[in-house]
Each structure stands twice: as structure tokens, then as C-alpha cells.
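Asker: Per TrEMBL, the feature transmembrane segment maps to 84-110, 153-178, 190-215, 247-266, 272-291, 326-344, 364-396, 408-425, 445-464.
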Amino acid sequence: FFWVTETLPLPVTALIPTIAYPLLDIEPAEAVSSAYLNDSNMMFFGSMVMAVAVESSRLHERVALRTLCFTGANPRFLMLGLQVATAFISLWMSNTSTTTMMLPLVLALIKELDMCERLETESLNSSKDSVDTVSQMLVLSDNKQQRRIYKGLLLSIAYASAIGGAGTLIGTSSIISMNSHFQSLYGDKIRWPSFLICLIILLLICWIWLQFLFIGFGNNNKKNNQVVNDMIVKKYKELGPMRYEELVVLISFLSLIALWLSRPAWTKLFTASYVTDGTASMLISMLLFVLPAENPFSSATVDKLLENKDEPIRTIITWKLMREKFSWSTLFLLGGGFAMANGVKKSGLSDWIAVKLSAMQWMPPWAFIAFSSGIVCLLTEFASNTATAAVFIPVVASIAIAQDINPLTYVLPITFASSFSFMFPSGTPPNAVVFSAKILHVSDMILGGLVLKIGSFILCQVFAQTFAPLVFDFGILNVTGAETTMAS
């Protein structure tokens, strides 16, 4: 009830299990509290520290603008560039942070496009406004075709952040919940969600559909394209050469990815199952609090230190920056999802629902997958993704175990289905972020998101029946907590 109605702020709602579960004799307070800082949440914490470092160093701007320089300013390829940049950044940062960072850039592009349209239709000279002063609320021309392009560009970053976020273990709360649940069952997490191919296909579908809906396939104004392209190149050149701080963050970022990918090899040096992805995430994040933000070997830095001996050396990340930038509410929200998932399991609710749904055991697996993920697809537009995943993942996992089927067979489609909310501003924070620009109408989001919703649903079903069994070892079924390899 509280998740759906948002009677209380969602982070406060996420803390309800700490009170309710001990009083209702579901789980001890100590066990409930430990769910809020489990290994999956520590991995998320370390990843968010990295995200704060990327944002504070402005490395994300360099990545986004470099991508746009490569794609050019044609609206079709501009949309593709925005989607690729957004999806890539969203692999490693939260969807909300990614969309929030990309929105000013998109609004700047919209302002330049609209300025070109005004110059062409009214034949007026306009002064060059600074891109940095772009407002969240724009006064745009009445050209309907241009406004449709602007809407398409805004929706492209919201949808791309959701699609890209589903590509790693840390991208969305739904996948983090799935990872945490399987750690408790198998004693090891899924090491890497190898469904990037599926997401690339969905991103391509998104690009084609938004083109068809908002841009069309006719010729675009090349004059406008050139002006916007010049603006992008100018903004990229204003960044100058890569600074020391950016370089350190980039190396740390690549090191974290390398540690995650190579974990099966280097963890053999330590006690089995002691070292996890969260260990690697925390290691790199701790280093960011130690590494200096300025080159310690440069003469300018040495002179600065000699002049201000009492001033501490600025590091890549400071705790003050963490207080300002870190999404503490998301940390509690995830913790509440983990606590709820544990409560659903400990109370026997998941087993009870599984028994009630046993009447559907006559359905073949593909039909049950379609039925359950269809329900989740609908619910996730109105309820929190985290809450939806936290309730349904343990339920369908219990049903799979009762049928002697690997739980991943049912859980993967559910996780995907709960990760994609495309149709309403309230469905997911990225949707709300782009809607705040006051350019989109709810009908635009429903029309744009409906086809993507159907497309993602169909793609999930095809993936679950074809590609997923090749990527994940569905033949292993061991819920005793032993070390188990879940992905090839």
C-alpha cells in the first residue's frame, strides 16, 4: 500500500520492515537490519561512489560530447548518439543520476535547434546565448515538427537509461534484488548478466520507433544540423585536454570493470566465496578517498602545498561531496527491497502464493513465464520497480524449485519485466526527470512507451527461451547454499 500510494516518502517506507517484522514475529530485528547493508548494497554503495567521482570530475560530459561529435547533429543520428551515451553511462551509474546529468545537455541541444528554426522562419538575427544558462523550462517555437523532435530526444535518454541500466549487476534495483536473492540461495552471485545482446536489440528497437513516431524519415534541415554540430564541437573543445582528475577516475573506473570481469580468476588466491563483487567495488571506492585530485608530482601542486601548508590535499572524493551528491535514499530503498524479499520468504508468503498458483502448474514453462512477466510488466508502471521485484522474485523462484526447474528460468524474465517502465512519468524516476522539462505530455509518453513495453515483453520471452539457456547454466539446481557457478 505505502509503495503504491507513496503516502510516506519512499525511503521512509523502505524502513517499515525494521519495525513491522520484529513486532509481527516474522524476523529478528538484527536480521532485518542486516539486509540494509548486505553485500549487494555494499556493491551498490561502492558503485555510487564511483558515479559521484565521474560526475564531479565531469568525465561523463567528455564521454557524452565525444559520442555526439562522432554521430553528428542530424536529429536521427543525434538521437542515436544520445541513446548510446546514456545507455553506456547507465551501465555503471544509477538510471536517475544518468538521466539527470544528460538532461541539461539535451535541453541545450533543443535550445540550439529551436534557435535555428526561429532564424529560418522569422529571418531574425539572434544573439548567441550561453549553453550553460539553459533553463529547465523552455519557450519553444510553434513548429509542430520541431516540437516532436524535441520530445523524441527527451524520451530517448529516459528510455536509454532504463535499457542500459539493465546491462550490469549494479544498473537497476531489480537486478540488484535478483542478485541478492540468488546469493542467499546459491552462496554465490550471478557473476555477470550476459544479456547485453538482448539490450542492444531493445535499444535499436527504441531508436527506430522513436524515429518513426517523432522524427520521421524525410530530409532534415542541414543548416540546423551544422549549427548544432558546431555547438557540440565547441562544448567539447571547451573541456580542453583530459585533466589529471579525469584520468585517475577513468583508470579507477576501468580497473573496477576489470576486477569484476576477472573475479573468477583472481579470487582463487583467497578463501572460497569470501571475496565478492562488493569487495572489488569497495576497494576502488576507498582508493578514491585517498588518491589526490591534482598531480602530486607537478611543480604547480608542490608550490601550492608550500604556500598553504595547513590546507589538506584535495582528494578525488571527499565526504562533503558524498553528503551532497550521494543518493542515500536509493540505498535505503534497495535495503527495504532486500528486507521485504527476506520477509516474503521467512514468513512463508512466497510458499503460500506458490501453492495458490500451483493450479497453473499445468502450464508449460514458456506460458507461465509469459503470464507472470505480463503481470509484472503491468504492475511496474504503477508500483516501485524495487518493490515489484522484491515480491515476485522469491515467489516465482519458489514455484520453479517446486517444479524442479532452475529458478533463473522464471526469475530472469521477471527481473527484466520489472526493470522497464516506459509509459508514465511516475513509473520510474528517469521518466519523471525528462517530464519535468515541461515539453512532454503524458500522452507522448504513453504512445512512445507502449510499443517499447510490448517490444520488451516479447524480447524477454524470446530471450528466456532461446539465448538465456546458452548464457546461463540452467541445468544446475542447488539451493543448499553451496558454491555454484551460475553463468558460463
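Cβ atoms are placed via backbone N, Cα and C, with glycine included.
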Asker: Go through 153-178, 247-266, 272-291, 408-425, 445-464 and flag the stretch with the largest number of C-beta pairs under 8 Å relative to the transmembrane segment (364-396).
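Answerer: By the under-8 Å Cβ criterion, the transmembrane segment (364-396) pairs most with 408-425.
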Asker: Can you work out which residues elsewhere in the same chain, 6+ from the ends of the transmembrane segment (326-344), have a Cβ less than 8 Å from its Cβ atoms?
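Answerer: Tertiary neighbours of the transmembrane segment (326-344) are 9-11, 13-18, 21, 26-27, 31-32, 35-38, 40-41, 44-45, 48-49, 52, 94, 96-97, 173, 176-177, 180-181, 184, 350, 384, 386-387, 389-391, 393-395.
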Asker: Is the transmembrane segment (153-178) close to the transmembrane segment (408-425), in the sense of at least 3 CB pairs under 8 angstroms with a sequence gap of 6 or more?
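Answerer: These two stretches do touch.
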Asker: Going through 153-178, 272-291, 445-464 one by one, which has the most CB pairs that fall under 8 Å from the transmembrane segment (247-266)?
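Answerer: When the Cβ pairs under 8 Å are tallied, 272-291 comes out ahead.
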